[in-house]
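One structure is given here, and the rest of the page talks about it.
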Amino acid sequence: MAVIYQAVYRRASSLFCRLHSTYVRKMRYLNELKEDDSLCRQAQTSGTFYLFHNLSPFLQKVGKKYLVPQLSAAGVKMILEKFKETEQWIEKSVLIGCSDEHIPHFAMDLGALEKSVIESELKGVFTDLQKALFIVDEKDSSVLASAQSLLRWHDSHQYCSKTGQPTQKNVAGSKRVCHASGITYYPQMSPVVITLVSDGSRCLLSRQPSFPPGMFSALSGFCDVGENVEEAVRREVAEEVGLEVESLRYSASQHWPFPSSCLMIACHALVSAQQAEISMNSQELEAARWFGLEEVVEGLKREPRSSKQDNGSFLPWFPPKQAIAHQLICEWVKQQTS
């Protein structure tokens, strides 16, 4: 029996080491591409490319599914040739990852070229990112969000904030440098806390004016300079709904590209059931109220298009599964029913 156990353990350990080694090699290869312009330039000739047009990703519909195609370097060159553009355009791309086989992936924005021509040539459509994230697979939605955030950052950091002189990106797009001042700029994310508040038997959900009709979500807000996560959660809950958090626990995190590149830090917060009267900040929110378990379960089943009633009002529905708010709500339901 001991011999069998040792053999199984050796096989499991060997598998773990191989998987670990694959990941380490992959991360180190990506780091080399970021640091070595000539190596990255060479990788662009064998890599694959995700296309954007004014920050809208390119999708193709196959049957009922929307796919995110990856073009080869030859495919990108073919498109550029149609517009009589040179291959140097490819250097405008940014590195966004690579496969386990070390095939690098890049993102490229063709916003200066005629959109309809590209769509016709490649038989697809450039789609607003906010829509695209909810109609493609979860893995693809993460890639598109990261790629668009990096492209957006480069678009908004073309000049040095100290000298006003143009900045230059490295080939991978992992940084921009102002040669006049010597300052190096790196892409950054803004930390945002997103919090599902509960009084033990109910959860609190709210609406911002920018939300689609009928959609309720967890409370969220940017962290202030100098705040830790706990302080940010307590402040946001107090500011937005006038409640004092007694305890909180971390759930998970997610990159989110709206309104710009954000790191969503998801938490559950508990308030006293005896002091649970909402005092909503109408400058921040359009609506906020408590939801019972049954209403939350029904809301999770409801589609946005089926929430409109005959009188023109909307039944509550919640963010789709790609959003971390959905995960928070599902965790709360599981806790209530366990």
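Note that Cβ sites are derived from N, Cα and C of the backbone, with glycine treated the same way.
Annotated features in TrEMBL:
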- 187-313: domain 'Nudix hydrolase' (DOMAIN)
Provide the three-state DSSP residue tally for the domain 'Nudix hydrolase' (187-313): helix first, then strand, then coil.
28 helix, 48 strand, 51 coil
Limited to the domain 'Nudix hydrolase' (187-313), I'd like the whole-number average of pLDDT.
95
